[in-house]
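Single-structure report; data block below.
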Amino acid sequence: MSVALCKRCLRRAPRRVLIILFFCVLSLLLSWTREPAFGVDKDTVPLLETSHNRSSRSMYYAKLSINDTEIERKVSLFLQSYDENCRNKTTNLAHSNSDILCSCVPPGLGGSFVPDTTVWPWATLADRHRELAVGGRWRPGACTARQRIAIVIPFRDRDEHLRILLQNLHPVLQRQQLEYQVFVVEQAFPHIFNKAALMNIGFHEAKKSIPFDCIVFHDVDMLPADDRQPYTCFQSPVHLGAYVDKYKYGGLYVPMFGGVAAFTKQQFEDVNGFSNSFFGWGGEDDDMRLRIASARLNIYRHPVEVSRYRMLQHRRDHRNPTNPFRGVAYRYRPTVYARNGVNSIKYKTHAYEEKPLYTWLLVEPVSSVSNYTLHTGTCKEATMATLRVPIHKCAEACDAHARCTAFVFDNGIWCFLKRWPCPDPLPSPSQRLYVSKTNKGRQDTNVLSKYRRRLGDCVGGDIGANVGVNTATACAHRCDDDVRCVGFVFAATLSTKCYLKMASCAVMAPKDGATMYDSINQTQSHFDVLSGYRRRPGDCGGGDIGSVPGVETETACARICDHFVGCDGFVFVPSQITKCYLKKASCAKTRPREGTKMYDRISRSRQHTDVLSKYRRRLGDCIGGDIGSVSDVNNAESCAHICENVAECVGFMFVTSSATKCYLKMASCAVPLPRDDAMMYDNINTVDNDLPRASDTTEDSVSRYRSRPGDCPGDDIKGSEVSDINECAKLCDHTPNCVAFSYIVVQSDYCWLKKASCNMTAPILGVTTFDHL
């Protein structure tokens, strides 16, 4: 009866009423599942609003599905382990022996708490925190702090969040009895936010104000929710803000390195700080994670039971758009890390004020664009490269190119690098010309002085025609930028005027309006160019850098090899369309091939017979520690040469029976596994002093390890069941990259081998960590 009645009502109800009813039901469902403000779990809100009692903490950790007793036990073990490490590794060296040091775990800590999100006026906050010295400074009065802390908060247009953070952060730092100063670094210009650059600036400014032992970079929307989370530094960078309520206290934020992070002064300089190139949202956290790995440092995180944060919700800042080029942060770029960071940051300080709760800095990160003078209009000629990058990246690309003297930026996206600026820029509504303020690059008036002129045309030896080049000067620049080019013909009467040449000629062919320009430095004789190479008939298989199309002579191929870093020689095959093949390694014996010649660079080819003398050979296979395999390498000498040119390579394995024979290694091993077709080559200068010997392995293998209670999370190589602790130590001795292991006694003995240790173990019953002495 009721079902039939509902059907009749629905048929008679207007469509508009049904639509409204649908959305009401949908809103009701969403309100049941949506988390409340600031991402706090709806089930924990009633209890979170009470005082720091055990019942509230039990509900606070409800997501872990662990009872209150288990949480307290884990926290107690962590604090015990932290106290031991802290007392043994005090970093504040300014105190005298007579100073009374503060406790590593002060008695006044309250544990987990609900952050106060009330937005109080600044005057009220200043009145509540009268204990602070001007500039947001504080130090304990009854004891000497073990570490001095600089808190750096990158900031813009988040006044309410800043008030909420400071009213929660100051009490936490004071209960931990730390000497500290808070710096708020605000960006004045440019309009796109650059958080990483502000943190680099904060590092430099903090050094001027306080001789800190530890610097903590703190997002303004991250509120600490447990005062047992130590705001201190140790031997590894510490990711304090790993567990956030917005990401369910794990998941997305744990593998990153953002939110809240702590470094010692030396650690931050070792990783060269943050990148200065991330304008807009995203990228700097992932880039920092790879910088830390590049500096051979580990990332430490405190246990989730004490390391929890509440993230304030906010609207997206329209002046901080998503960085469209943030994907570059996922690439491992060690050369970029060395030159772009805290050592290269340039900035202007517009204001400096010591306020009651913090020290305020209004700064302007100065990018590479400031090295260029802006001109209206555009330049059509002399384009070296076209890039799709933001303007600061465009300026950096021009800075990095030895021949770039200007660039044109179009519509906020496209970048055109220029060999030289136009004397008269063409008007353009969307394009702007930026000219370098320095005298970098080549002068327009001097480029033709490098060439000898002859009237007429030089037939043959063409690289190709350059469309749109209308002056001999522009054609000369094109020739300078092509390593194959030894000259060019400029035909003033033709529509296409510039023709680059890879070979000159002795006799010119008459042609009206044509002039041959021979490069004075490049037009060497055939004998002069090839005299640096030893010629052998036949082909050297493997070791290829790549083929060079359009090369017609051995001279041109040799000249390209001369200009190519890592080229040890080349194979020239005159019977093929593509004739020139550059080689990064030669071979002891060539393979017969009609018309083919192998050219070995004399200055390098003589070293081929001696290169293996740098390596110690051992029969067998070293498992792990691979950099990668190199295909088309058919002898150990070639593999050794490739290893010599890879910075991380300390040896290689050569497998005679495999199609891919060469395997580069970043770490060796004590005892290779038996294998008749494999030979391990260890670089004597790199690994011989540090390599553990097989003779070192005794029955009491564990005596070479230092034990600590608890577990080192992460950095696992592998795990396996063992009969006893000595077997676990032997496994570590014979495994490449193993520097520690965790020994677990539960129902049976289990061993986890580690490629990196940690400064402080996570307290887990039944687990002991052993570090190699």
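The backbone N, Cα and C atoms fix where each Cβ goes, and this holds for glycine too.
Taken from TrEMBL, the feature domain 'Galactosyltransferase N-terminal' covers 106-233. Under the heading domain 'Galactosyltransferase C-terminal', TrEMBL lists 239-315. TrEMBL lists 393-412, 460-501, 542-583, 624-665, 711-754 with the feature domain 'Apple'.
Counted with DSSP, the domain 'Apple' (624-665) comes out as 9 helix, 14 strand, 19 coil. Here the domain 'Apple' (624-665) has Cβ contacts under 8 Å with residues 541-544, 566, 568, 584-588, 608-609, 611-612, 614-615, 677-683, 686-687, 717, 735-737 of the same chain, all six or more residues outside its ends. The helix, strand and coil residue counts that DSSP assigns across the domain 'Apple' (711-754) are 9 helix, 19 strand, 16 coil.
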